[in-house]
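What TrEMBL annotates here:
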type: TRANSMEM; residues: A:34-55; note: transmembrane segment
type: TRANSMEM; residues: A:67-85; note: transmembrane segment
type: TRANSMEM; residues: A:91-114; note: transmembrane segment
type: TRANSMEM; residues: A:126-145; note: transmembrane segment
type: TRANSMEM; residues: A:165-188; note: transmembrane segment
type: TRANSMEM; residues: A:195-213; note: transmembrane segment
type: TRANSMEM; residues: A:233-254; note: transmembrane segment
type: TRANSMEM; residues: A:284-306; note: transmembrane segment
type: TRANSMEM; residues: A:326-351; note: transmembrane segment
Amino acid sequence: MNRLNKTSIFFLVGAVLVFGIVQALISAGIINSFWSTIVLLAGVMAIVSLGLNLIYGFNGQFSLGQYGFYAIGAYTAADITYRWVQLHSASGLTVILMISILVGLAIFLIRGVVSKIRGMDTLSAFALYLAGVLVAIFIATRLGMLIANPVTALFNLMPEKVAQYVVYLIAVLLGGLIAGEVSFLFGLPVLTLGSDYFGIATLGFTIIVKVLLDNSDTMLGFDEMKGARGMIGIPKITTWATVFIFLLITIIVIRNLLNSSYGRAIVSIREDETAATSMGIDVAFYKTITFVIGSFFGGLAGGLYAHINGFLHPNTFSFVKSFDPLIVVVFGGLGSVTGTVGAAFGWALVLEGVLRLILPEGFETWRFVIYPTLLLIMMLLKPNGLFGNYEIPFIRSVVPPLKEKKADEETAKEVA
Amino acid sequence: MAENTNTTPILELRKLCRYFGGLKAVNEVDLVLQPHALNGLIGPNGSGKTTIFNVITGIYEPTGGEVVFEGQSIGGLDPYIINQMGIARTFQNIRLFPNLTVLDNVRIAYHTHAGYSMSDAIMHSKHFDKKENELTEKAQDFLRVFNLQDRQAEIARNLPYGEQRRLEIARALASSPKLLLLDEPAAGMNPKEAITLMELIHFIRDKFDLTILLIEHQMRVVMGICEHITVMDFGQVIARGSAQDVQKDSHVIEAYLGPGAAELSKQYLKERKQ
């Protein structure tokens, strides 16, 4: 169990190579802006799908809500950078930072209280959390506005480009955090449902988010989001390097999580919930934490996505689209990290890239016939997904060799 | 078990009831388990044995009555809390984690004793490496006890039936219980395998200082190793005592063989004596 063993070094070298080659091709102009956008979209799709694979593939909770969290992350991050770039104010940043901190704190404190009260039902607990979170948001908004000006001044000390990039990075992370916190609140009552019912409930969540975004200027009062007309004026600063680093971190985090006792606890719930709870696994807790982590990655990817085109439209997050990451996950193989990344890139490159180019003009829409047909054939031929359970050596969990022991050999014989 | 009667019982069921609508699956059952005893729970199909297991382990809430474990009332607690308090079980229809390796099946039961935090795991810290190694070694030790060490990399569902049964017991033991509930551990085994299994149960009882309560249908096996037997029928206890006491009990004979059977068997025994 060397910390930097051969496979990790091999993986990192490979990753740097992939990054370098693509980066070089982009810089040299061999990959034009059309293709580089597709590569960015593929990377973003890989992160969303990895989050969903954690929830569906590894924890066994069938979720259609991933695009809802993706949307929350996208709009949160976009609003922060929009305010910075267009209004020259860090108010978005400070308010959302405060909200994410205080809401997190409120959830943490209420969790302490709720766990002490024996026999509290889920809905009362949910009401308590909701009340706490609303209070936290109220205080956070006031606090955030209060420190907005000093923080703006602080960022103005930096060179303009650097400040913009720092604000953008924080915005992306906050997008993930807010998505994670929303998923906690939403998951609390809903995760007690069985898997299929949970799927329907999460579909409802995606629709709620879409409707709220359609009316974000009237219902929510965010004029800059412009409701169903689509949000413009977001800086286009997501680069291949940023996407790649976030993707790499996502892969490593998920890999480390899965190859630990916590990962095994998560997977055991998929395998047999009753057996898991009888073996001391707190099923409700691990379902929630997995849902939160998965949604966090969804939100993170949303933040990255918002800054690719500089334009956000609620239709991007409609519930039909919310099947995209699901298709990627199933296509790549449920419970395979390698498969998900591979399928995400394949999905973007083939659907948006190759098919769009090879189909004659006027027939572009046929790609939505060809691609589902491909899916059908695929499901018939390889129902376990492209990669099944395959993982590259870096991600695969290794069964450690049996250590020699003499003391227990007698007992083994005795029993046999 | 006369010498143990003055010690405090490890588990006590007091007038325990569990109804499913109008069906009284378990009706006012009293049961006392002394520490370190090997107890048997028998009865015809549908007499409520597995329901008692499900109530003790928290899968069902009791409709009435109390479950007291080491002086604490545990009725209605979540199963995972009850397991962490020290009650582990196996299932009648084997419930392993089928797509995971044999080693991981045991390591999952060790989860509560992992000793590192989630951030340790994500950051892959040195502490994580150390604790994970310890955990793996402990799990491998358990596999050795059950002679499954060479199977550790195998996927659980590919194991032969007998080994799946053994693995399930190993997994239950890995959660370090004080009380082990075995639901038909010898089901589907031939007599020879069953006897080996019973020796194994005896062995782990002594090695891990456990109290064991087991449900079993193979009478030869139950009568052979259980020190104390409780017989149930229609959700109620109809007899309890040592193997000899229970075998002679007319209620038990009638529950298994039908009304009037007790009379017949008495006659039969008399004739045999003459």
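Any Cβ shown, glycine's included, is placed from N, Cα and C.
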*Stretch of maximal Cβ-Cβ contact with the transmembrane segment (A:91-114) [cut-off: under 8 Å; candidates A:34-55, A:67-85, A:126-145, A:284-306, A:326-351]*: A:126-145
*Examine the transmembrane segment (A:233-254) against the transmembrane segment (A:126-145) and state whether at least 3 Cβ pairs sit under 8 A, considering only residue pairs 6 or more apart.*
no
*asked:* Looking only at the recorded stretches A:165-188, A:195-213, A:284-306, which one has the largest tally of CB-CB distances under 8 Å to the transmembrane segment (A:126-145)?
replied: A:165-188
*Surrounding residues of the transmembrane segment (A:284-306) on its own chain - C-beta under 8 Å, 6+ positions past either end*: 40-41, 43-45, 47-48, 50-55, 58-59, 61, 63, 65-67, 69-78, 81, 171-184, 187-188, 191-192, 234, 238, 242-243, 246, 250, 257, 262, 265-266, 269, 312
